[in-house]
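Participant: Next up is a structure, given as C-alpha cells.
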Amino acid sequence: MALKDYVLEKDKVKKFLQEFYQDDESGKKQFKYGNQLVQLAHREQVAMYVDLDDIAEDDPELVDSICENTKRYARLFADAVQELLPQYKEREVVNKDVLDVYIEHRLMMEQRSRDPGAARSPQNQYPPELMRRFELYFQGPSSNKPRVIREVRADSVGKLVTVRGIVTRVSEVKPRMVVATYTCDQCGAETYQPIQSPTFMPLIMCPSQECQTNRSGGRLYLQTRGSKFIKFQEMKMQEHSDQVPVGNIPRSITVLVEGENTRIAQPGDHVSVTGIFLPILRTGFRQMVQGLLSETYLEAHRIVKMSKSEEDESGAGELTREELRQITEEDFYEKLAASIAPEIYGHEDVKKALLLLLVGGVDQSPRGMKIRGNINICLMGDPGVAKSQLLSYIDRLAPRSQYTTGRGSSGVGLTAAVLRDSVSGELTLEGGALVLADQGVCCIDEFDKMAEADRTAIHEVMEQQTISIAKAGILTTLNARCSILAAANPAYGRYNPRRSLEQNIQLPAALLSRFDLLWLIQDRPDRDNDLRLAQHITYVHQHSRQPPAQFEPLDMKLMRRYIAMCREKQPAVPESLADYITAAYVEMRREAWASKDATYTSARTLLAILRLSTALARLRMVDTVEKEDVNEAIRLMEMSKDSLLGDKGQTARTQRPADVIFATVRELVSEGQSVRFSEAEQRCISRGFTPAQFQAALDEYEELNVWQVNTARTRITFV
C-alpha cells in the first residue's frame with residue numbers, strides 16, 4: 001500500500017469545499033460548503049458538518065480514506081478550512097468574544113516588540129487549535145449501516161463507525177481545556193500547550209530563550225483567560241434489548257461528546273451515534289496493574305435521536321403483497337391476537353388486550369395537558385396459568401422492552417439512580433427500567449411481591465408518563481412513555497372465592513385505577529377444558545411447536561413490522577360517537593353503584609375505553625374510530641370486570657339472558673319511548689350476548705306484549 005501524500009490530499013479537500021454545489025428548485029447552483037465557510041468566517045455558524053455522501057459523488061477513494069483514518073483527516077479538513085476562511089471573510093466580525101480580543105491584543109503587542117522581518121520564536125508560535133474558532137464533524141455515508149455495540153471490536157480502532165443504542169447515563173456539561181496558556185514570572189513570555197487527551201501534565205519551567213540564556217529558572221503559571229476551552233460531556237450507551245443474544249449481558253460503550261453535539265441526548269433516549277472509535281490509556285494505579293490494556297471510547301461526530309416510529313429500529317419497510325394478503329384476510333383481528341404466544345392454549349380475550357397494548361392509543365395534549373395513549377394491563381391469576389409466559393413473549397415481540405421482576409427490582413432500579421462518576425467524582429443520573437423502556441413496554445413479573453414503597457414509584461409513570469427526580473441536588477424530569485404490563489398472584493398464592501375481591505387482590509385503588517384492564521385468570525376444574533389443555537401441552541412437548549390450527553400463526557417479524565405501521569396512524573374520535581361513549585360510561589357508573597361493584601369505576605375508565613377504541617382503529621389502519629371499535633373496547637372492559645367478579649358476574653347471564661337483555665334495552669330509553677333496533681342489538685352484543693340470544697329475548701318479550709318491533713325491524717317501542 002502506497003504512502004499517502006497528505007499535501008495532495010489537502011488540495012483535494014480544498015477543491016471539494018470550494019467547488020461542490022447542488023442545484024436548488026429553481027436550477028441555481030448552491031455552493032453548500034462555500035455558504036458554510038462564509039457563515040464560519042462571520043461567526044454566524046459554529047460547527048461545520050461534512051457529509052461523506054457529497055464527497056462520494058466525486059471521489060469515493062477519499063471517502064474510504066476518511067473512514068479508515070478519520071482522526072488524521074479531521075485535522076486535515078480543519079487545516080484546509082482555516083486556510084480558506086480569509087478568502088470568504090467579507091466584513092469584520094461584529095460579535096467578538098474574550099478570546100478574540102485576547103489574540104488580537106497579543107498579536108498587536110508582539111508586532112510592536114518584534115523587529116521588522118524577524119521570524120517568531122517557535123515557543124511563542126500560536127497553535128492552530130487556539131486560532132481555530134470553529135468545529136468540524138463528519139456525517140457518515142448512507143451505506144454505513146448502524147452496527148451493534150458488541151460488533152465494534154479492535155479492528156475498528158481509528159475508523160468512523162455508527163452504532164445504535166439507548167442512553168443510560170449522561171454527565172453534566174463541563175469545560176474541557178484544549179490549549180493551556182502559561183505566563184513566565186521572570187521574563188513574561190507566554191507558552192502554549194495543546195492538550196489532546198482528557199488528562200495532561202502542566203508545564204512548570206519556562207522554555208523561552210531568555211530564561212534559558214540567563215538561567216533565571218522562570219516558573220510558568222496557568223493563565224485561564226488566555227486558554228481555550230470547549231464544551232465536554234460524557235455519555236454511556238447500551239445495546240437495545242432486541243440486539244442482546246439470549247442469556248447475554250447488554251454491552252455498553254462510553255461516548256465523549258464535545259462542542260455543539262452536547263445536550264442532545266438524555267437518559268432513556270434511543271440514539272444513533274457516528275464517531276471515531278479510539279483507545280485511551282488507563283491512568284494512575286490502574287495503569288500500573290493493567291499497563292497493556294486500554295479503555296475504548298467513541299468520539300462523537302454526529303448524534304441523531306431516533307424518531308417515535310419503530311420503523312428505524314425494526315427495519316420495517318413496505319410490506320409485500322403476500323404479507324398484506326396474510327394480514328388483510330377475514331378475522332385478521334382474531335388472527336393477530338391468536339398469533340401472540342400460539343404455544344399457549346386459550347386466553348383469547350387476554351391476547352386481544354395484549355395486542356392492543358402493543359399498538360397503543362393516541363396521545364392527547366389539549367392546551368399543554370398531556371393525556372397518555374399507552375395502555376396499562378395487569379394480569380392476575382392462580383399459579384400455572386401462563387402469565388409469565390405471556391409477559392416473556394410480549395417482551396420478545398415489542399421492539400423496545402424491558403423485563404424485570406418485582407422481587408428483584410427496587411424503586412431506584414425502576415425509575416432512576418444517582419451515581420458518582422468514577423473519573424470526575426461528580427453525581428450523575430442513570431435511568432432505570434422504566435426510563436430505558438421509553439416508547440416501549442415494561443414487563444414487571446411478580447408485581448405483588450414488590451415492596452409497597454417501591455411500588456408507589458411507578459404511580460407517576462403510569463399516568464403522567466414521566467419520572468420526576470429530586471436527589472442529591474439533581475432536579476429533573478425524565479421521559480418514561482411506556483406501557484406497563486404487570487403479572488401478579490392473588491394474596492396467599494391462589495384466588496380464594498370465599499374472600500372478597502379486595503382481600504384477594506390487596507392492591508390500592510390508586511394503583512388499580514391506573515390499569516386500563518385488570519384481568520383475573522382463574523384455574524377452575526372443568527373436564528372438557530382440562531382435556532383440551534392437556535392434549536395441547538402434550539403435543540407441544542412432543543413436537544416442540546404449537547398444534548396445527550385453522551390458520552398459520554403470523555411470523556414475529558411480520559407482526560412487529562405491522563404493529564410499527566399501525567403506530568404511525570393517529571385516529572380521532574368523531575363527534576357522532578361522543579354521545580354514545582358518554583351514555584355507555586354513565587351506564588357503567590350506574591351499574592357499578594347499583595350492584596356495589598368491587599371494581600373501581602372512575603373517569604380513568606372512560607379514558608381507557610377511548611384508548612382501546614383508538615388502538616382498535618389503528619389496528620385497522622384507519623383515521624377514524626367507528627362504533628364497532630367502541631363496542632369491542634366496552635366488551636373487553638366488561639369481560640375483564642366479569643373475570644374479577646367470577647361466578648357472581650356470570651350468574652345473571654347463565655340463568656336468564658333474556659332478563660338481562662331486557663334491562664339493557666330498557667336502560668337505553670326513557671319511559672314510554674322507543675329505541676333503534678341496531679343500537680339495542682349492538683349494546684347487547686357489547687355486553688357479551690350473541691345475536692341469537694338477543695333475537696330470542698326480543699321474541700319472548702314481544703309475545704308478552706312488553707314491546708313491539710315495527711315491520712322494517714328498525715325500532716323497538718315499549719307498550
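Yeah, the Cβs are placed from backbone N, Cα and C, and that goes for glycine too.
Model, not experiment: these values are computed from the prediction.
Found this in Swiss-Prot, in case it helps:
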- TYR345, GLY384, ALA386, LYS387, SER388, ASN489: ATP 1 binding site (BINDING)
- ARG514, ARG604: ATP 2 binding site (BINDING)
- LYS15: SUMO2 cross-link (CROSSLNK)
- LYS28: SUMO2 cross-link (CROSSLNK)
- 332-538: domain 'MCM' (DOMAIN)
- ALA2: N-acetylalanine (MOD_RES)
- SER121: phosphoserine (MOD_RES)
- SER314: phosphoserine (MOD_RES)
- SER365: phosphoserine (MOD_RES)
- SER500: phosphoserine (MOD_RES)
- SER678: phosphoserine (MOD_RES)
- 521-564: region 'Interaction with RAD17' (REGION)
- 577-719: region 'Interaction with ATRIP' (REGION)
- 513-516: motif 'Arginine finger' (MOTIF)
Participant: Which residue counts does DSSP yield for the motif 'Arginine finger' (513-516) in the helix, strand and coil classes, in that order?
Facilitator: 0 helix, 0 strand, 4 coil
Participant: Kindly state the mean pLDDT of the region 'Interaction with ATRIP' (577-719) in the predicted structure.
Facilitator: 79
Participant: LYS387 (ATP 1 binding site): which of the recorded positions LYS28, SER365, ARG604 is the nearest Cα neighbour?
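Facilitator: Ranked by Cα distance from LYS387 (ATP 1 binding site), first place goes to ARG604.
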Participant: Rank aside, I only need the closest one: which of the binding-site residues GLY384, ALA386, ASN489, ARG604 has its C-alpha nearest to that of LYS28 (SUMO2 cross-link)?
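Facilitator: Closest by Cα: ARG604.
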Participant: Among LYS15, ARG514, ARG604, the recorded positions in question, whose Cβ has the most other Cβ atoms within 10 Å in this structure?
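Facilitator: Of LYS15, ARG514, ARG604, the one with the most crowded Cβ is ARG514.
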Participant: Starting from each candidate's C-beta and looking 10 angstroms out, tell me which of the recorded positions LYS28, LYS387 has the most other C-beta atoms.
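Facilitator: Output for this query is LYS387.
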Participant: Count the residues of the region 'Interaction with ATRIP' (577-719) that DSSP assigns to helix (H, G, I), to strand (E, B) and to coil, and report the three numbers in that order.
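Facilitator: DSSP composition of the region 'Interaction with ATRIP' (577-719): 98 helix, 11 strand, 34 coil.
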Participant: Using only C-alpha positions, which one of TYR345, SER365, GLY384, ARG514, ARG604 is spatially nearest LYS15 (SUMO2 cross-link)? These are the recorded positions in the record.
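Facilitator: It is SER365, whose Cα lies nearest.
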Participant: Sort the residues of the region 'Interaction with RAD17' (521-564) into helix, strand and coil with DSSP and give the three counts.
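Facilitator: With helix first, then strand, then coil, the region 'Interaction with RAD17' (521-564) has 26 helix, 1 strand, 17 coil.
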Participant: ASN489 (ATP 1 binding site) has how many other Cβ neighbours within 10 Å of its own Cβ?
Facilitator: 19
